[in-house]
Amino acid sequence: MLEKPEAKASWLATVSNRFKKGGKLQPFRLLRQDIHNLRQRYVSDWTVFNQLVVASAVYVFFTNILPGITFANDLFVLTGESWGTIEVVFSTGLCGLIFSLFSAQPLTILGVTGPFSVLAENMYKLCTNNFHVPFLPVMAWSLIHSAWMHYLLAIFNAHDYTMQYVTDFSADIFSLLNSVIYFHKASLELKRNHDNVPFDAFLYSIIGAFGTCLMAIFLSTALEWKPLFGRIIRMGLAEYAAAISIIFFIGVPYMGELANLDHERLSIQKSFRPTSPARDMFFVRFWEVPLEWVFISIIPGAIITVLFYFDHEISSIICTVERYGVKKPGGYAWDIVLLGTTTALCGILGIPPANGLLPQAPLHSESLRHWVEVDDDDDEDSDTPLTTTSNNNPPQSATATATATATASPSTSSSSTTLSSPNIDDAAPRKKKLVPRVHEQRYSPLLQSAMILVFISPPFQHLLGFTPTSVLAGLFMYMGYQSLSVNPILPRFFEMLSPPSELPPLPNPQISRWAVHGYTLTQIVLTGIIFGVTLTVAAPGFPVIIIILVPVRLWIMNRIWGRETLRFVDGWACRPGKPEDSEEEKAARGEGERGGGDENVSASANVGEDDVERGLAMTSTGMINEGVKEKQR
């Protein structure tokens, strides 16, 4: 009888300690740290502005607004015209502008995502067909509830005890689900085109859709065309592949006899007002809803919170992985507070909320990536740019094995030198290495958001009205291709179809090839199940299923597959190491983390010009996961 009070007291003491200073649940612990980090970096974020920043802003503008327009056309049809092009453009520009000015990590790019579009479309069906309540007020309350849930996650330091348990298993399934959603939306777009236009126009829409996708894929490989054209031209074709393809196929229907076809084009507004004829201003009377729905909306609000938190955190982490050489501190908790604020604001304005985007966020970092040269034996934290070159192209005068005879001037860090004025007499030859860095600033996200926001004005809305919906279907396919091409599930699936004799040997004899195939097949089947759920009345709950996969991986799958097999195929998604690491490996990694965080960067940076250009070519085709895997392996 005496044990129960003691056990209860011990449990209460454990819980109480978590809320004390230094505990995982100590209120505002991460927020205070993030605000301190933001104050430290904010002024310096406005001191970097150059041609690469401008090029990055233009690049991200195209990769952000074009998919947004694609989702807008889908939402226009499937939400009963509640949301359309102007709402999506307004949300993307407004939220992006707020984050570029006030976020702790401005490299993260925001926009309306595919998973949220699926969620919103199904909420509209439930509100309209099943419960007969107005969609926008219910959505507004859902987003308001989601806001205070975001605040609670930030106040109680959710980043520390949630994302650290997510593995590639769940992240890869989420990425594959995005790919499937993109391809499915492309097919729906073509189906609607078939229903709304004559057969000859529909046949052209198929050509336009596949032409847009294939031309973008073809141009994205331009960096591999060496020595055709110059390097600058190849880089331009690769970076603006999607934009060039879309502009080309927007213009084709106006040529020759094609101009006589009855093409279906994007629906737009001719004035600055909401898409729905029933609304005359961007404001939702969210109080005009039955009282019980104020509380029922907590359920979709919680689902939106799970989706946004998971999506935004992954986006923020991937755009700051080691391969980008990010130096300034971020702030996950502060950005979640900011995300909650923009989410509630979007609900009140009656526009779809925006959150962190994949692959746009890491593509933003990639477009700002450049190289600096440092002494091979110096700490990278003290490097100063010797020669900076845009778009991943390192200085031609130095490679990993180059030896420079130079001495730094008194005003220059000892870790870097100036090749243009060597002093051979005063210095012994030093080995140099190239390390990647990213221009960490706020101008590129600010400029791209401002350019997007311009398109809510009637003249620019009119320009968007020239876009055939077949081009949007092609863009969906291209986005699906981009997302799928970087997913490690795809090469493992191809291995399932290959004879064992044609495959490279596994690194460890304890790893079973059949176990790897079973693991891959499990991911594919689970993706199919979750996608099937998105097509049913239970679609709003699909983010919860993805979250449930996290404990399933940690507590159940290690009973099915062996330790070495799981170490081979899986790893932590948001931090170094793997769940199955031994205590010795964890201890060694902990020492490495305390000693500095850029070892992987310097190891991977010793590359030549051709290697880097090939790396940029991989990026241009969407292969952004390379850097993430560097961290995990």
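Every residue, even glycine, has its Cβ placed from backbone N, Cα and C.
All annotation found in TrEMBL is predicted automatically rather than curated by experts.
Here TrEMBL flags 27-198, 427-570 as domain 'Bicarbonate transporter-like transmembrane'. As annotated by TrEMBL, transmembrane segment applies to 52-76, 88-111, 131-153, 203-225, 237-256, 291-310, 331-351, 524-550. According to TrEMBL, the feature region 'Disordered' maps to 375-435, 573-633. What TrEMBL records for 384-421 is compositional bias 'Low complexity'. Residues or ranges marked as compositional bias 'Basic and acidic residues' in TrEMBL: 577-597.
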- Message: I'd like to know if the transmembrane segment (52-76) touches the transmembrane segment (237-256) in this structure, counting it as a touch only when three or more C-beta pairs sit under 8 Å and are separated by 6 or more positions.
- Response: yes
- One stretch in 88-111, 291-310, 331-351 has more Cβ pairs under 8 Å to the transmembrane segment (131-153) than the rest, namely 291-310
- Message: Could you check whether the transmembrane segment (524-550) packs against the transmembrane segment (291-310) - three or more CB pairs closer than 8 Å, residues at least 6 apart in sequence?
- Response: yes
- So which residues does the transmembrane segment (88-111) touch in its own chain, when a touch means Cβ under 8 Å and the partner is 6 or more beyond its ends? 34, 37-38, 41, 45, 60, 64-65, 67-69, 71-72, 75, 282, 312, 315-316, 319-320, 326, 329-332, 334-335, 338, 341-342, 345-346, 349, 351-357, 360-361, 363-365, 368, 438, 440-442, 445-446, 448-450, 452-456, 464
- Item | Positions on the same chain near the transmembrane segment (52-76), where near means CB under 8 A and six or more residues out | 82-85, 87-89, 92, 96, 109, 111-114, 117, 120-121, 185, 188-189, 239-240, 242-243, 246, 266-267, 275, 352, 357, 360, 363-364, 367-368, 370, 390-391, 439, 441, 443-448, 451-452, 455, 464, 467, 469, 472, 475-476, 479
- Query: DSSP says what for the domain 'Bicarbonate transporter-like transmembrane' (427-570): how many helix, strand, coil residues?
  - Reply: 96 helix, 10 strand, 38 coil
